[in-house]
Structures are given as C-alpha cells and as structure tokens.
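Peer 1: Sharing a structure, written as structure tokens. Questions coming.
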C-alpha cells in the first residue's frame with residue numbers, strides 16, 4: 001500500500017526537483033546555512049511537488065491509458081481510487097504550503113503556489129491537451145523549485161532569482177522536446193500536441209538548438225551577475241557547448257530516437273552539474289539588482 005502511495009507522487013520527479021532546490025538554496029546561503037530553514041524548504045517543496053504530481057496523475061488518467069510509458073501507473077490500474085487520490089493530493093499540498101509559509105517565508109510559499117497553479121491548473125488541465133505551447137508554459141512551473149530554494153534564504157525576488165528562473169525554464173524545453181521525440185508514438189497515440197508531433201521532428205530540432213543557445217547565455221549570467229564564481233562558469237560553458245554539439249549532431253543522425261534519448265540523458269547531467277556547482281562556487285554580488293521585491 002505504501003509503495004502505491006509513493007509511486008503516485010512520482011518520486012523521480014521529486015528527487016530531480018530537490019537537486020535544483022538545493023542548488024538555489026545553497027547559492028543564496030553563500031556558506032552560511034540555516035539547517036532548520038533548509039529542512040523546511042526541502043520538505044515543503046517535496047510535498048508541493050508530490051501534490052502536483054498526484055493531481056496530474058488524476059487529470060491524465062485517460063491519456064495515460066493510451067501511452068505505453070504510463071499505462072501501468074497506479075491510478076490507471078485502479079490500485080488507488082480517484083477520490084482517495086484527490087484527498088491525498090490535497091493533504092500533501094496543504095502540508096507543503098503551510099511548511100513553506102511558516103518554515104521558510106511567505107514569498108517562498110507564494111512562488112510554490114504559482115508554480116503549482118501553472119502546473120496543475122494551466123498546464124495539466126488545459127495546455128497539455130490543447131496547445132503546442134503547453135511545454136513552454138509547463139517549463140515555468142518546472143523552474144519554480146530552485147527559485148523557491150533561493151528566495152527561502154533571501155526573502156526577495158532579485159536578479160539572481162530571475163536568472164535561475166531563466167536557466168531552469170530554458171533547460172526544460174530541449175529536455176522535454178527530446179522526450180517527445182523518443183516517445184513520439186506515445187504522444188501521437190494520446191493525441192498530445194507536443195511540438196515534434198504537430199510541427200515535425202525537424203522543426204523540433206531547430207527549437208532545441210535555439211533553446212540550448214539561450215540556456216547557455218542564461219547560465220553565464222549567473223557568473224557575470226556576480227552570483228557564482230569562475231569554476232561554475234567553466235562547468236556551465238563546458239556542459240552548454242557539449243549539449244549544443246549533441247543538438248547539432250542531430251541534424252545528421254539516422255535514428256532520431258537514439259539521438260533524442262542521448263540528448264535527454266545529457267540534459268540531466270547538465271542541470272545536475274550546474275546545481276552542484278552553484279551550490280559550492282557562490283559569490284556575494286557587489287550590489288543589489290534593480291529587480292528586487294521584498295516581502
């Protein structure tokens with residue numbers, strides 16, 4: 001029973017988000033870690049992400065039945081009733097938001113709310129099924145965790161938070177399009193209007209290349225803005241160039257699925273590397289950003 005309730009929260013997604021939360025939190029902490037705040041932020045974000053994933057599983061039951069990758073999910077197989085899953089998701093969300101509000105700060109909580117609403121209310125309920133731009137909208141919610149981690153420490157949305165939002169949003173696009181390419185038939189069978197299905201794989205490759213270039217620029221801004229050091233800069237440049245090279249090789253490959261899977265795997269390596277480096281190679285900016293909102 002416990003295993004089923006764990007599976008429906010998509011623990012892999014939770015773990016991936018925790019890595020980015022830690023990156024944002026430690027970047028902002030700059031070596032001075034409040035461990036109570038750290039724990040509250042990690043657990044709070046985990047609960048909110050878990051809640052969003054359970055709601056997503058509920059909303060996507062009809063789609064999941066049509067896809068090879070998702071046809072054995074807990075709700076599709078009836079291992080947990082839909083009603084129970086809604087109660088479970090609601091309780092997880094309430095607990096997560098309360099922990100962020102009282103354990104971190106209201107700004108961190110509101111960022112969590114915004115990410116949650118975009119993911120569940122905008123992306124899952126509508127955009128995923130009706131628009132080729134669903135991935136773009138969903139990328140904003142996927143970028144929320146590191147920003148929450150950062151703002152849990154700073155209690156302000158400054159240029160550092162904005163750069164993190166840009167980095168992780170831009171990363172989501174080639175990452176997601178790569179999945180859509182090597183899972184092309186699944187998305188086609190479920191009639192999900194992702195870019196590779198609607199516009200074709202060639203167009204998707206162009207978008208992947210452009211987004212990786214934009215991602216590379218955004219990653220450098222963290223050092224140029226005085227938030228991360230030269231070691232981070234070297235790693236960011238290296239992974240960006242390598243990832244871009246992989247994308248460009250996609251124009252000459254014979255098997256798009258194999259190429260897309262490799263691109264997807266490296267995307268995880270890339271974002272994990274950046275999260276680790278921003279955690280350990282931080283700097284104190286010389287001045288505050290012009291874009292600052294203080295609670």
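Cβ coordinates are placed from backbone N, Cα and C, and glycine is handled just like the others.
Feature annotation from Swiss-Prot assigns transmembrane segment to 8-28, 35-55, 84-104, 107-127, 132-152, 162-182, 208-228, 233-253, 264-284; the stated evidence is sequence analysis.
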Peer 1: The transmembrane segment (208-228): which same-chain residues, six or more beyond its ends, come within Cβ distance under 8 Å?
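Peer 2: Answer is 27, 159-160, 163-164, 166-167, 170-171, 173-174, 177-178, 236-237, 240-241, 243-244, 247-248, 250, 263, 274, 277-278, 281-286, 289.
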Peer 1: Assess whether the transmembrane segment (162-182) lies in contact with the transmembrane segment (264-284), where contact requires at least three Cβ pairs under 8 Å among residues 6 or more apart in sequence.
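Peer 2: Answer yes, regions in contact.
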Peer 1: For the transmembrane segment (8-28), find every same-chain residue at least 6 residues outside the stretch whose CB is under 8 Å from a CB in it, and list them.
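Peer 2: Here the qualifying positions are 38, 41-42, 45-46, 49-50, 53-54, 56-57, 73-75, 80, 85, 88, 92, 145-154, 160, 164, 168, 222, 227-228, 268, 271-272, 274-276, 278-280, 282.
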